[in-house]
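Feature annotations, reproduced from TrEMBL:
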- 10-155: domain 'PTS EIIA type-2' (DOMAIN)
Amino acid sequence: MDINNFDISQVLTQELISLNLQSRSKEDAIAELTDLLVKHGDVIDRQGFIDDVLKRETEGMTGLGQGVAIPHGKSQAVKNTTIAIGISQNDIAWESLDNKPVNIIILFAVKDTDANTLHIKLLQKVAILLADESFIQNLHDIKTKEKLIELFEAQPEEE
């Protein structure tokens, strides 16, 4: 499958978006987004998934800078590979490339058997989008779940 033709709407739905994260810490934000995944039926073991994400956090920085973090967990607790997105009005302390807090969190939930296929396509697609500064600025300006999904579905401009 060509990455440019990968449709992120296959995994991103309104039920997996929170535009008003209440959490003030990394751990709480991961748990809050995990609750969306559990409610949606994508994660079947809440604590097992949270533990796997936090373990991955110890292996390398997931704060990309510009207020964005992309924590992820590859886990047996995941039923369907997907992403949950949270936007917070609060700054959340997070180890990041620019040493600044984050307020946009894109949590990847990866079924352990999907680790080398869908997971990679999903990460690549999001990485391509996040490499675009105007995309990140638009992400910070999002006010509705519909607009957030539209932003992710839009194809990056060809160079």
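Keep in mind that glycine also has a Cβ here, set from the backbone N, Cα and C atoms.
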Based on DSSP, tally up the residues of the domain 'PTS EIIA type-2' (10-155) by helix, strand and coil.
65 helix, 38 strand, 43 coil
Could you give the mean pLDDT over the domain 'PTS EIIA type-2' (10-155), rounded to a whole number?
92
